[in-house]
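Remarks on the structure that follows.
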Amino acid sequence: MNGKVHVMDHPLVAHKLTILRDKDTSVKDFREIVSEIGMLITYEATRDLPLTEKEVETPICKTTAPTLKGKKFAVVPILRAGLGLVDGVLRMVPSARVGHIGMFRDEETLEPHVYFCKLPKDVAERDIMVVDPMLATGGSADAAISALKERGCNNIKLMVLVAAPEGIARIQSSHPDVDIFCGVVDKGLNERGYIVPGLGDAGDRIFGTK
Ligand code: URA
């Protein structure tokens, strides 16, 4: 069975994505809003975190109340655009560890390869959230998830802001165990591999490199 695609159905996410799509949005606003949407998607993607009860004394009485069980969690941005989402995830899950995966594209095969991979030592014991703003062909996310699985990870989710149907199909075929959390699903890819209507090159817009 394929992994589920969870599309955020929320007016705040829809509104913020429209600001990101606008080519005249400033680098400062773009960066802040990427982080905000990252926070909102993390809220949805962590719905299944296990809870336990603990004793607490309120100003009124003693009681028991839910607290996170402390499941180990790591966020893994795909360099470089994925870095823009890390802050939003950490604001929701401050104890998360951060791993990094960098990818380059083989000019002949056009397939992505890992050139940098620095992960927490106990990564195989952690729930992993791979983050990248754009799921276009799905090549980078596919390779990043494969690299994590080679290192023993078996509980992986993928968070993106904008997904193309092509990218979703690739991840569902290569990694049917991985659920995708996204802000919106767009029409598809153009001949240059950009998502349409999309928001352009997310890395350039986050880092102001264009
Ligand atoms: N990467 C981006 O940053 N934008 C796209 O539209 C596709 C891939």
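Start at 1 and count along the chain as shown; that gives each residue its number.
From the backbone N, Cα and C atoms, a Cβ is placed for every residue, glycine too.
Listed in TrEMBL for this protein:
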type    : residues                                                                                      : note
DOMAIN  : 7-209                                                                                         : domain 'Phosphoribosyltransferase'
BINDING : ARG80, ARG105, ASP132, PRO133, MET134, LEU135, ALA136, THR137, GLY138, GLY139, SER140, ASP201 : 5-phospho-alpha-D-ribose 1-diphosphate binding site
BINDING : ILE195, GLY200, ASP201, ALA202                                                                : uracil binding site
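Shown on the structure are the features that TrEMBL records.
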residue : record                                              : Cβ neighbours (10 Å)
ARG80   : 5-phospho-alpha-D-ribose 1-diphosphate binding site : 17
ASP132  : 5-phospho-alpha-D-ribose 1-diphosphate binding site : 29
MET134  : 5-phospho-alpha-D-ribose 1-diphosphate binding site : 27
ALA136  : 5-phospho-alpha-D-ribose 1-diphosphate binding site : 24
GLY138  : 5-phospho-alpha-D-ribose 1-diphosphate binding site : 26
SER140  : 5-phospho-alpha-D-ribose 1-diphosphate binding site : 26
ILE195  : uracil binding site                                 : 28
GLY200  : uracil binding site                                 : 16
ASP201  : uracil binding site                                 : 15
ALA202  : uracil binding site                                 : 25
From the binding-site residues listed here (ASP132, MET134, SER140), select those whose CB sits under 6 A from an atom of ligand 1.
-> MET134
Between MET134 (5-phospho-alpha-D-ribose 1-diphosphate binding site) and ASP201 (uracil binding site), find the distance joining the two CA atoms and give it rounded to the nearest Å.
-> 9
Considering all pairs of residues in ARG80, ARG105, ASP132, PRO133, MET134, LEU135, ALA136, THR137, GLY138, GLY139, SER140, ASP201, annotated in the record as contacting 5-phospho-alpha-D-ribose 1-diphosphate, what is the maximal C-alpha distance expressed in whole angstrom?
-> 18
